[in-house]
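Undergrad: As annotated in Swiss-Prot:
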type    : residues                                       : note
BINDING : G170, D171, R172, Q173, T174, G175, K176, T177 : ATP binding site
SITE    : S371                                           : site 'Required for activity'
Amino acid sequence: MDINPSEVTKILKEQIKKFGDKAEVTEVGQVLSVGDGIARVYGLDNVQAGEMVEFSDGSKGMALNLESENVGVVIFGDDRKIKEGDVVKRTGSIVDTPVGKELLGRVVDGLGNPIDGKGALDKATKRSRVEVKAPGIIPRQSVSEPMQTGLKSIDSLVPVGRGQRELIIGDRQTGKTAVAIDAIINQKKINESGDEKQKLYCIYVAIGQKRSTVRQIQKTLEEAGAMEYTTIVAATASDAAPLQFLAPYTGCTMGEYYRDNGMHALIIYDDLSKQAVAYRQMSLLLRRPPGREAYPGDVFYLHSRLLERAAKLSDEHGGGSLTALPIIETQGGDVSAFIPTNVISITDGQIFLETELFNQGIRPAINVGLSVSRVGSAAQTKAMKKVSGSMKLELAQYREMAAFAQFGSDLDASTQKLLNRGSKLTELLKQKQYSPMTVAEQVISVFCGVKGYLDDVELKDIAEFESKIIEKCKSEKPEILESVLSSGKLEEDTEKSLVDTIMELKKNFNS
């Protein structure tokens, strides 16, 4: 076999050309101890707080405790594959998540990875840091646009505006999630109108819930056709505590994408009590000193930095908004516990749900006396403001009188009238689950109650009367609904036409 020296030389020269002297430098450390989802790592001297690190088995973690001797890392996922002496690599990146419209209709985990079996996200999807500072004072503006929930009792008495943070608080099994899901479903008609300025994209964050519950919510939204403008971020009960702690921030970052690009988004945190418990678990395992109820000292900051990111931006900054509906579960109606009081003080109002009302059949079980919106009528259309103005006062007087009426039987006519009106209004505010109403339908319904047109209608017939008057307006007087929807006002001639329609129905209804 002949060897041609020139060929050998050519090959060698090519090999030398390809040879590079660039070595890949990575900062690595070693696992000192691991257990309960926490790893103590030695050697990562330049690691940043909140930085992602990678273990030799491919699992990820986040550096939270930066101490002089070692670094405390919380592990995302199973820690059983990690053992003492394993190599830990810095990734150089702070925890981030995919953002954008590609996530609509998807279910993702606490890190933004799809878990719905519909395939991976597009590689070109934008990514954004999970922990960012909330907008300052100058970029914000006052809340002025309504965020319609489709529930009469909320839209008329505790209105929520775009860019507001309204807490939903109550014991277990009082319908907190149902209120939030109704708010998502109600956006369908608004989003179908095609007006990009009115569209509201929704993000539902499930923290520490059963997988079956999350699946049920996904199914409900799909059946209502609401998944096409919704993203579900799920850190279920079987997920590691760091993922449950991180999921709300991940969801918030996804919502901020819409807010910062001049669009509107709604985010629901279900629920923040479980996030606080997950954070307490992490903090205690990281040997951080406990405070009240064994929560760490910065548990207030945990929620305040999250909820402050919900805002209505000024027109110079695009005029986008992020509305937050955090949910808190109380124990035995105790709203003076640590986490409930914290979140009440951070938010712009709260919707109280009570077990007692729920069991009486008043659903949604909203305690109108204790519920408040600190934005108030600024977040209502003129028509709703006009018809529901006196409603809160009438219901407050009714509750006061109802308490005294139990003791006395001989009541004067005005008291009897007040009690009658109050019971009719309470009945009117009941609403079936997953059947939200448009603003125009709500205005007609509340108008009937407040103006006294239901005073002589039997209590059991109120729901039927309400559905009939709305049906009659839709079929015979659609201009009433159109006028309220287009102008947001209840004009004099529209009101007169509505009164005539009500009187016409009452003639046939009572006979």
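Using N, Cα and C of the backbone, Cβ positions are placed for all residues, glycine too.
Distances, neighbours, how buried they are, the whole picture for these features please.
TA: When other Cβ atoms within 10 Å of the Cβ of D171 (ATP binding site) are tallied across all protein chains shown, the result is 18. According to DSSP, D171 (ATP binding site) sits in a coil region rather than a helix or strand.
For S371 (site 'Required for activity'), other Cβ atoms within 10 Å of its Cβ number 21.
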Undergrad: Using C-alpha atoms only, work out the spacing between G170 (ATP binding site) and S371 (site 'Required for activity') and round it to an integer in Å.
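TA: Answer for this pair: 11 Å between alpha carbons.
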Undergrad: I want to verify one value. Collapsing DSSP to three states, which class is S371 (site 'Required for activity')?
TA: coil
Undergrad: State which of the following binding-site residues has the fewest other Cβ atoms within 10 Å around its Cβ: Q173, T174, T177.
TA: Q173
Undergrad: So which one is it: of the binding-site residues R172, K176, which has the fewest other Cβ atoms within 10 Å?
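TA: So among R172, K176, the binding-site residues given, the one with the fewest Cβ atoms within 10 Å is R172.
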Undergrad: By the count of other Cβ atoms within 10 Å, pick out the sparsest of the binding-site residues G170, G175.
TA: G175
